[in-house]
Structures are given as C-alpha cells and as structure tokens.
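Straight from Swiss-Prot, the features:
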BINDING   26-33, 144-147, V173, 181-184  ATP binding site
ACT_SITE  H33  active site, proton donor
BINDING   Q57, Q150  (R)-pantoate binding site
BINDING   Q57  beta-alanine binding site
Amino acid sequence: MKVISSIQELRDQLRGQNRAAFVPTMGNLHEGHLSLMRLARQHGDPVVASIFVNRLQFGPNEDFDKYPRTLQEDIEKLQSEGVYVLFAPSERDMYPEPQEYRVEPPHDLGDILEGEFRPGFFKGVCTVVMKLFSCAQPRVAVFGKKDYQQLMIVRRMVQQFALPIDIVPAETVRAEDGLALSSRNRYLSPDERAEAPVLYRTLHDVRDTVLGGDRASADLLAVEARARAALEQRGWKPDYVAIRKRVDLQAPTREEFLAGEPLVILTAAKLGATRLIDNLEI
C-alpha cells in the first residue's frame, strides 16, 4: 500500500484508474471502517482510502485537537485489507491557503437533526468531501449508513453537481449487544458501555410501536416524545428521536404515513460526556 500526502502525487498515482473505489475517513479506524473497505472492493478497483481530520466540521465546543490520531495503527489495518493507496494529507496539504469557498447543503437537509445541534457541521463535511472527490476522482465512494444524514447529504450533493460518482451505502456494523461501532465508544466508562446498547433498543421499541399499532390513530410526535422521556429516565440526554422519511429526512405527513412511506428513525443522545448517534430503517 502506498501512503501519499500530496494531492498531485495522488492524482499521478491514480491516473488511468477509472474504476477506483474511495472510502473517506478521519482515521482511528475500527471494524466498521474496515467493512467499508471490503464493500468498496466489491464495487471498484483499486480501493483508495483517505485519513484526514477535517477542522472545518468541528464546532466551537468540539475539540479538534483531542480527536484521536492513530495513523500508524490505521496504516497496518488498511494494509491488511488490501487497500491500494492511502491518502493522508496534512492540513497544509489540503488547505494551503484559507478555504474561502464552502459547499453548503440545502437548509431543509443540512440544518435539521444533526445540523440543528452541530451548526456548520455539514458545510464542513460537504466542503472536504467535494475536495477529496476532486483529488481522488473515484468512480465509486462508500459511506456508512450509521451517519445516515451525512449519507443523504453527500448523495444529494453528488446528484446536484452531476459528479460521475456512484455513492454506495454500507450497513452499520454493530457489537454483539447491538451498539453501533464508533470511534466515540472508546470514551465510554465500563458502566456507560453496559448502558449504551439501550439506544439501539429504543429505536427498536419505536419501530415496534409504529408498526404494531393502528396507523390511522398513530401519533408519531407522541411516540418520539415517549422515547426521549424513556432515555431521560435512564440518565441519557437526548438531542432528538425523530421518525422521518428516508427519501429526504422530512417528517411524513399523515397521508404519507398511511400510504406506507418508507421511514427511518434517527437519534442522538449523550451518555455521560459521550454523544452517540444511531438509526433504524422501518
């Protein structure tokens, strides 16, 4: 595996590779990330990964400097997965001058859910992903469903800019007890780690309530409120539990709900000092 930090060197290395499959990450890799590499291999060749901790997507209360950086361990993991090139630029490589141009997602998708609680986050994500796409010029890019809203935003960005890239969604990888794998899990205390699977069970409870009752009399806002209250009773601090349409992450109308519109339940909640997100499609 070749490790590259220069944008020009990356382009030179990939020249003529018109089937490249790309997996962007911020490093600190775990099994969930590695599953993305394996899926990428099924959809393209060669597999190209990136590791870049993107300052633009960190808010004022989010510590960019404390984000775990484990490059050597990450390199070993990617080598074992047969990744062809790792693009690991420095901040100077990616932003040699102030990044004055930004890619801002539409407000109806970028300012809800995660966007409401992390202002500017998706603007930072879209800007760096667009730049990474420009650097790697892949045919395929793989994004995990765990970051469901991010997946939707990147997919729409690719469509609206007519980028010749297929966005492939990857299923969330979970521990045996259901907790979604995340770099943030390392911050959980033993007691918090034992409690953490409750978040996924809450999503299942919401799904069972929605699917098990009479749709004509269902009150989705009340279902969401009860789920938030249940988490609060266990010591969580939920930002949201939201039942949304898969297609655009807007709340379904009663007519859409009764017609069987495909839905997804999304949640974000703090357990102690650690903020976890998860989702479940209905």
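Yeah, the Cβs are placed from backbone N, Cα and C, and that goes for glycine too.
Structure coloured by features recorded in Swiss-Prot.
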residue : record                    : CB count, 10 Å
M26     : ATP binding site          : 17
L29     : ATP binding site          : 23
G32     : ATP binding site          : 19
H33     : active site, proton donor : 24
Q57     : (R)-pantoate binding site : 21
K145    : ATP binding site          : 18
Q150    : (R)-pantoate binding site : 21
V173    : ATP binding site          : 18
S183    : ATP binding site          : 17
Work through the recorded positions one by one (H33, Q57, Q150) and name whichever has its CA nearest to the CA of V173 (ATP binding site).
H33
Of the recorded positions listed here (H33, Q57, Q150), which is spatially closest to S183 (ATP binding site) when Cα positions are compared?
H33
Quick one: what's DSSP say for M26 (ATP binding site), helix, strand or coil?
coil
Check the Cα-Cα distances from H33 (active site, proton donor) to the binding-site residues Q57, K145, Q150 and tell me which is shortest.
K145
DSSP state at S183 (ATP binding site), helix/strand/coil
helix
From the Cα of Q57 ((R)-pantoate binding site) across to the Cα of K145 (ATP binding site), what is the distance in angstrom?
19
When distances run from the Cα of Q57 ((R)-pantoate binding site) to each of the binding-site residues M26, L29, G32, the nearest one
M26
Please report the Cα separation of Q150 ((R)-pantoate binding site) and L29 (ATP binding site) in Å, rounded to an integer.
18
